[in-house]
């Protein structure tokens, strides 16, 4: 058995390469590898050459056009992949998933295509959603072109407010150079299907502009594909609503508008910057390097294309543009324990007094969080010893774009032993000491979705435990402070409200434990009060283990809270037409999305001895506070879950490691002569303490 570890229950399932990497074709992991730049270009060239599609370049031109938005790998069907991995079937046909915006037609829509075979595509077919759902054009993610047009429309509309903005903030939209205003946009973009009305938070464009709202929020209607028909529908300034730009401008001219005057931002030590300021009270040095990770005898992991091996672990990985990290064919000791483990969605629900704050329900797959994988800094984002990998994305672009050092792999000392024991002789000495250092292999990437930075980790431990973890950092999503806003967060700076919000992250866990035919049960602790069998008249209160088989999908959906259909954990039967729990279209059409997770369990199928998927939700409530300035820190802002073997092995599989240390006295109880046994070199090398390992053990 493998244990799915959650903080509130015991749940049991019983029974990428970066395109910049050199992919070794014979390696089976390559069927899951991300598309290479050559493959991405080949798909685009093929589709651009199909006259019936009528595609135009992504950049420039009108919004009402047919354009290619996204190209990424279309993973093979599981049955075909397993037959190939088990050497009983042919290599699956390699295909791409292409998303096309059809805007230049009477009924605009979004269509997904399967394009292949790669590397030389010659055909395509339409990919459908479960139930034959169509994707309306209004559900499309934002593009760079639409943002450019949105900014132009905003600048034109704000012209009458230039005197107000200059007087209140010292910044403006018109003829600005270094003292410009910018905006952050909010989603969903409306209150119902088909709408595209976006609240824009106006901000001073300084370092960390997310923390510099000007007190003005603007509702801009950009539903029409023709930008000439776009218009400002409403405004909010310093706690008051206005029906038009003219109404707000006239209120300012009459002198009846309470201005929110912002202080001049300093040229140095701006509160939203990372520039050091202040001193620690202890006086201990911070201007010297701290502890570092080192590999004294070289790497203890192997990376071949998109195949990663470490100790008993072996897996394939990719970084999909749409939603991020995805593991396939996860094995320990040569036996598959999971077919797929992947990030599905990251959501942040906000509350606030201003219209932008109360409207914010971010669903980051809709912002292509997988393609927001910007460069990782050596020695900060990952240790200096890490292996860095590039990624290539074709998203809202006219060719593949290289993202340098988008992923990293490194071995991490956990700082705590994996296991240890001091066997006391209770005479001032010991019978033996034994310990095994704590290490884990980390596969990491990040998603910087505008203000927030998510750090995505998969950690592999030598005892067969796998951890999925995400840290939240970056800038908080903040709005302009008003006294009425205090009930929705904290005043984190003079004119700044840190708005309360909840982070939820969704994962797909397709476990295959001893094969694909699995069942699901939960274990819980109950208590009994019984007569003591060895002492008449006495009673014993003790725990016992209650096992409950979950036979159907409804029984296996364990809710976070009622009545909303949101689950800590839900286990469903696997279907090829249910590959993901969310989509890039949900953000802009959450009212009628093409993918609804509730439909996965609505039919309440049996889940006994079936191919099952566990859908895991983790999250936390964030009440921003002054210490979130300039950025939210990672300690205390990380969530995740564990996959743990549970009676799967005969013993802890980490006994295969040659890294333990065993110390036995040769002259007990004196313990003056010791036998020290270790299977690694006596000293790790100069990068750590140069002395060989020693031990005394007496007290």
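Backbone N, Cα and C atoms are what each Cβ position is placed from, and that goes for glycine too.
Annotation comment: TrEMBL describes 1-22 as signal peptide.
Helix, strand and coil content of the domain 'Copper amine oxidase N3-terminal' (140-240), in residues and according to DSSP, is 31 helix, 32 strand, 38 coil. Here TrEMBL flags 140-240 as domain 'Copper amine oxidase N3-terminal'.
The domain 'Copper amine oxidase catalytic' feature in TrEMBL is assigned to 292-560 (among others). Mean pLDDT for the domain 'Copper amine oxidase catalytic' (292-560) in the predicted structure: 96.
The active site, proton acceptor annotation in TrEMBL covers 364. Cβ neighbours of residue 364 (active site, proton acceptor) (same chain, under 8 Å, six or more residues apart in sequence): 345, 346, 347, 348, 447, 449, 454, 587.
Residue environment of residue 452 (2',4',5'-topaquinone) contains 24 other Cβ atoms, counted within 10 Å of its Cβ in all protein chains. Feature annotation from TrEMBL assigns 2',4',5'-topaquinone to 452.
Per TrEMBL, active site, schiff-base intermediate with substrate is recorded for 452.
Under the heading domain 'Copper amine oxidase catalytic', TrEMBL lists 566-654 (among others). Counted with DSSP, the domain 'Copper amine oxidase catalytic' (566-654) comes out as 10 helix, 29 strand, 50 coil.
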